[in-house]
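Asker: Annotations for this protein, taken from Swiss-Prot, read as follows:
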type	residues	note
ACT_SITE	CYS172	active site, nucleophile
BINDING	LYS63, LEU64, GLU65, HIS66, LEU67, CYS68, LYS69, THR70, LEU274, GLY314, GLY315, PRO316, ALA317	CoA binding site
BINDING	GLY224, ASP225	substrate binding site
Amino acid sequence: MSNSRMNGVEKLSSKSTRRVANAGKATLLALGKAFPSQVVPQENLVEGFLRDTKCDDAFIKEKLEHLCKTTTVKTRYTVLTREILAKYPELTTEGSPTIKQRLEIANEAVVEMALEASLGCIKEWGRPVEDITHIVYVSSSEIRLPGGDLYLSAKLGLRNDVNRVMLYFLGCYGGVTGLRVAKDIAENNPGSRVLLTTSETTILGFRPPNKARPYDLVGAALFGDGAAAVIIGADPRECEAPFMELHYAVQQFLPGTQNVIEGRLTEEGINFKLGRDLPQKIEENIEEFCKKLMGKAGDESMEFNDMFWAVHPGGPAILNRLETKLKLEKEKLESSRRALVDYGNVSSNTILYVMEYMRDELKKKGDAAQEWGLGLAFGPGITFEGLLIRSLTSS
């Protein structure tokens, strides 16, 4: 198979069925995902949430109904079941010190979901589990020593000299941080294969609604539980099927915005605060951030609509503002909107669900698909995480 090289990037030959990855660049080799068994259709959310929390406040019901419609979410999954509420009724008692109970549930649940997602990913990858040299584990939903990275490694049967990295409490941008860290590991350790796993549950923040905590209702209407996994490595072998190349990664925070998104762990669980100006702050800074990433593609004529977009769907308002600010064509954020509809905002996991949809979309387009794209996520800080991605998929 012949190929030419322009701007440091390998190009397809006319007979190729996949773009060739650049030597030494990290590539995505397989994906997996997992969810708890409890499915929550959005149309049933209000009735179930108010019943479980023993709330009969008409104002709260009306507010939650409105939020459920505006989120665009249709389906979510949750660890929380009636059996759990029967065992721990104090979870629905205002002011009850329940952090111990919440962690008993969460610590086990996130590892089990991570295990299922990882097994699916490894199966798609097709190589022995012993070939995994590094594991990066991302979660904002568990607290213990040792962490979920060790428990997951043991359950998967990874070698006891596997190199482990645990990323705690990053929030919604954690999945892209994990990709950035895994990219650095893969590119600086020749022959390495990195398993990145993210796993999240909302059990730490579940509580009865209170008018003094309006964000709790946003969380009830928007967030879900689940896990995701991806194998990352440079210089793929013939037995591997790379579909995206992580060409460049960057993180930055917006000075003076650390109070816009806050989470504080208390005896009652984790209390969140979300500023109403979050979408505006993202809108005001997104264009410069994206141009910084695009500049690394080596094509100064490239415009926003010349690329594919994998954006963490923090909520419809963020997607709408980004779309308007960058003058994106409607279909550019379709994978992000689809992930939001199907799973809700699942914190760090969600970007990997978006990338799975994007992989399918690029494959369907074949030679007509864009070669370059951006992966973006936003979270506490306000922190921006970004990836310049190169699609390796063609017809």
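Just so it is clear, glycine is given a Cβ too, placed from its N, Cα and C backbone atoms.
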Asker: Work out the three-state DSSP category of GLY315 (CoA binding site).
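Answerer: For GLY315 (CoA binding site) - judged by DSSP and reduced to three states - the answer is coil.
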Asker: Of all the binding-site residues here, GLU65, ASP225, which one's CB has the most other CB atoms within 10 A?
Answerer: ASP225
Asker: Based on Cα distances to GLU65 (CoA binding site), point out the closest of the recorded positions CYS172, GLY224, ASP225.
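Answerer: When the Cα distances are compared, GLY224 comes out closest.
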Asker: Distance check, please: Cα of LYS63 (CoA binding site) against Cα of ASP225 (substrate binding site), rounded to an integer number of angstrom.
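Answerer: Cα-Cα, rounded: 22 Å.
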Asker: Judged by the number of other CB atoms within 10 angstroms, which among LYS63, LYS69 is the least packed of the binding-site residues?
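Answerer: Least crowded of the binding-site residues LYS63, LYS69, by Cβ count within 10 Å, is LYS69.
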Asker: So of all those recorded positions, LYS69, CYS172, LEU274, GLY315, which one's Cα sits nearest to ASP225 (substrate binding site)?
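Answerer: Closest by Cα: CYS172.
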Asker: For LEU274 (CoA binding site), what is the secondary structure by DSSP, using just helix, strand and coil?
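Answerer: Its secondary structure by DSSP: strand.
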Asker: Largest pairwise Cα distance, Å, within the listed CoA binders LYS63, LEU64, GLU65, HIS66, LEU67, CYS68, LYS69, THR70, LEU274, GLY314, GLY315, PRO316, ALA317?
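Answerer: Pairwise Cα check on LYS63, LEU64, GLU65, HIS66, LEU67, CYS68, LYS69, THR70, LEU274, GLY314, GLY315, PRO316, ALA317 gives a maximum of 19 Å.
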Asker: Given the binding-site residues GLY224, GLY315, which one has the fewest other C-beta atoms within 10 angstroms of its C-beta?
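Answerer: Looking at the binding-site residues GLY224, GLY315, the Cβ with the fewest others within 10 Å is that of GLY315.
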Asker: Is it possible to get the count of other C-beta atoms within 10 angstroms of the C-beta of LEU274 (CoA binding site)?
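Answerer: The answer is 17.
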Asker: Which residue, of the recorded positions LEU67, CYS172, ALA317, has its CB surrounded by the fewest other CB atoms within 10 A?
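Answerer: Among the recorded positions LEU67, CYS172, ALA317, the sparsest Cβ neighbourhood within 10 Å belongs to ALA317.
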Asker: Could you check which of the binding-site residues (LYS69, LEU274, ALA317) sits closest to CYS172 (active site, nucleophile), going Cα to Cα?
Answerer: LEU274
Asker: Do you know offhand how many angstrom separate LEU274 (CoA binding site) and GLY224 (substrate binding site) by C-alpha?
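Answerer: LEU274 (CoA binding site) to GLY224 (substrate binding site), Cα-Cα distance: 17 Å.
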Asker: Could you round the CA separation between LYS69 (CoA binding site) and GLY224 (substrate binding site) to a whole angstrom and send it over?
Answerer: 16
